[in-house]
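Annotated in TrEMBL:
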type	residues	note
COMPBIAS	41-52	compositional bias 'Low complexity'
DOMAIN	52-207	domain 'At1g68980-like TPR repeats'
REGION	37-56	region 'Disordered'
REPEAT	209-244	repeat 'PPR'
REPEAT	427-461	repeat 'PPR'
REPEAT	498-532	repeat 'PPR'
Amino acid sequence: MAKNVLSLLPRRSFSSIPETPTLYSFLQPSLFALKRTNQEPQSHPTSPQPHSLTQDQLSTLETTLHKSLITSDTDEAWKSFKAITTHQTFPPKPLTNSLITHLSSHTDIHNLKRAFTSAVYIMEKNPMMLAFETVGSLLCSMKCANTAAPAFALVKCMFKNRFFIPFATWGDVLVEISRKNGNLVAFLRVFEENCRICLDEKIEFMKPDVEACNAALEGCCCELESVSDAERVVEIMSNLGVRPNESSFGFLGYLYAVKGLQDKINELKVLIGGFGYSKNQGFYSNLISGYVKSGNFASVESTILSSLNDGNDKDWNFGEETFSGVVKEYLHRGNIKGLANLIIEAQKLEPSDIKVGKSIGYGIINACVCNGLSDKAHSILDEMNVLGGSVGLGVYVPILKAYCKENRTAEATLLVMEISGSGLRLDVETYDALIEASMSSQDFQSAFSMFRDMREARVSDLKGSYLTIMTGLMENHRPELMAAFLDEVVEDPRIEVGVHDWNSIIHAFCKAGRLEDARRTFRRMIFLQFEPNDQTYLSMINGYVLAGKYFSVLMLWNEVKRKLSADEQKGIKFGHNLVDAFLYALVKGGFFDAVMQVVEKSSEKKIFVDKWRYKQAFMETHKKLKVAKLRKRNFRKMEALIAFKNWAGLNT
């Protein structure tokens, strides 16, 4: 193998035959897949080896190289380095490593090629000049650029030239590059060569860790599907003293399941126990994936069911990937009945108090939903009913979530009714999500139905869904539904209905000009012993003003006036906004006696009043009103008008 490690690289001779060596002989397109740009012209030997550099010339070139690196003049640094190496000489070790590190730090492929070329050339000629950290930096840059071939070529060159560096410096990088390109087999071959050297030369720092061994094992089991290669890696691990972990057994389990080697699977189960690993979820997941790959449905089902028997807490929670593989293969073959039967049998083994999201039924149905097959999920549910099996919440919940996501809220409501009818109870989070989805799609009746079901199910926390419904109805300008909903739930002790809820309805009615509905809500609010506050009155005043019903505002003032007297405020904040609303409406209505009462009360409570606004309101509405005419008809009203004009400054 050592003879061919650089088969990707062109062979060159560095003998005493006169030639002008060029670093660019290493820049092969096969190693760097991206198209080369701004490439320097290839130089060819046209004359015998030039004379050696004098000490002064070498010093000058090294100084230029050093300054170029400091100033980041990459092209000049590369030119100086080439000039030095062309004469079979090398810059000092720190300078050489600085150049390669500098070239590696660039993101462009062209300079990465230069760094690769330099590193390989130094390895071929004088590997002791390279620092481990420099090679690590170059490999990390190759990983970022996703240039797999040069990275592997560099490591193979290290082996060929017996330039041995710690496995940790390069191993993880190659694993990551291999995974990204879906080619762990490439890593496997380098891994095997590294381990051979580690064992033959007894170089401890070249020993891989268990994660690297597992990467090689994964390449054997999942890509090559080769039992002999996998068992060779296991032997290497044994010789190196690397202890396998759960993942190691998982990859082997997958391979043996694919190949149908049940005896070897049984041996693995014994070994897992011998190593003291009690959580075998990963192992069973890999077994299931292997059986799915081979189309062995009987073993898929028996493995899932036996995993429930073997589990310490019978709560396996296999990953989505495992269930997705099972579901895709079953549905591909139209085996809905098989999935339904599997869920039924699993439910018999699962504890009654298992969490919804941990059940086998949930995993299978959720996998259908995640793959956009919610209708197939419902078909499995129907098949379970045909088979007479009990349907747990784990089957229902993913379907409900899918209906929420797809805004199929009417179907979700029917399913909720079915769940309730079977004696099962959804959790608060599911109810909240369903009601929110219904409100978002403006399916208010479904939201109401589910909220009723929620109440009947004796769910203790109703606050979230209650607020969702009320907020949604307000945003959609449906105060009549808000009023009906509030009237239905107001006596439920689990719901904290407040004055602000009534205010929201009253405000919405007033804004829509539906004053009779607003009045009816106002009376209902008082009847149920909810005390109106300043916000309640503000909404009513604004509604009356828009409709020109100023006498109704006068009635409100009389009510507020009674509450403000004799320590009966009862939550009313008689502030600037309420004073302003009353004054403006009462001036527009011509109720000057009440206007002066508001003025007196505001003065008493030291509330600033801007007279200009009410002067303007008077001029717009009562400009032609004469005091002399009022004297004959209503002496009290005349006095109130005079008092107002004096207060507002209209007599000056």
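From the backbone N, Cα and C atoms, a Cβ is placed for every residue, glycine too.
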Beyond the flanks of the repeat 'PPR' (427-461) by at least 6 residues, Cβ under 8 Å: 356, 397, 400-401, 403-405, 407, 409-410, 412-413, 416-417, 420, 468-469, 472-473, 476, 478, 481, 485, 489, 492, 494
For the repeat 'PPR' (498-532), sequence-distant contacts whose Cβ falls under 8 Å of one of its Cβ atoms, 6 or more beyond its ends: 470, 474, 477, 479-480, 482-483, 486-487, 490, 539-540, 542-544, 546-547, 549, 552, 570-572
Helix, strand and coil totals (DSSP H, G, I; E, B; other) for the repeat 'PPR' (498-532): 26 helix, 0 strand, 9 coil
